[in-house]
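Copied over from TrEMBL, here are the features:
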type    : residues           : note
BINDING : 110, 113, 150, 153 : Zn(2+) binding site
Ligand SMILES: [Zn+2]
Ligand SMILES: [Zn+2]
């Protein structure tokens, strides 16, 4: 049975832990990267942002970071595994805070409005383990993106169709 992820149960990395990870990765937490990272930290887990979203948020809060720098910072933060990246739709990448210690979570994404639900599923975890055993792979990541049309968008298109009758 799939379960929605209760946001409160997700543990977050502390600032110190973040610095430690960055130090061991041998890279500096430049002010720009720190701004990008703290945006995700302030929003908390369960927020999925595109590079444009990040750029927009930073601009709104008066922080001057170019879009190119946002892209570079996101790539670095994914490389050192502080953020996770997923392709929500073709060519549309979303980023989120990597959730320390908790189980793998997956996403159901609305193709119309981008609304996202997170879920965990024992069945998917077990199936991934099975496949990795059969194929001899060492499993390093289990992330599934399911795409569909959310309830609200479905209701909206139903209402539009009815209005046209
Ligand atoms: Zn997520
Ligand atoms: Zn929708």
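Each Cβ is built from the backbone N, Cα and C atoms, and glycine gets one as well.
Note: TrEMBL annotation is automatic and uncurated.
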### Query
Excluding 110, 113, 150, 153 themselves, which residues in that chain have a Cβ inside 8 Å of the centre of the Cβ atoms defining the Zn(2+) site?
111, 112, 114, 115, 149, 151, 152, 154
### Cβ-Cβ neighbours of residue 153 (Zn(2+) binding site) (radius 10 Å)
15
### Message
These are the binding-site residues: 113, 150. Which one scores highest on other Cβ atoms within 10 Å?
### Response
150
### Query
Taking the Cβ of residue 110 (Zn(2+) binding site) as reference, which residues of that chain separated by at least 6 in sequence fall under 8 Å from it?
116, 147, 148, 149, 150, 153
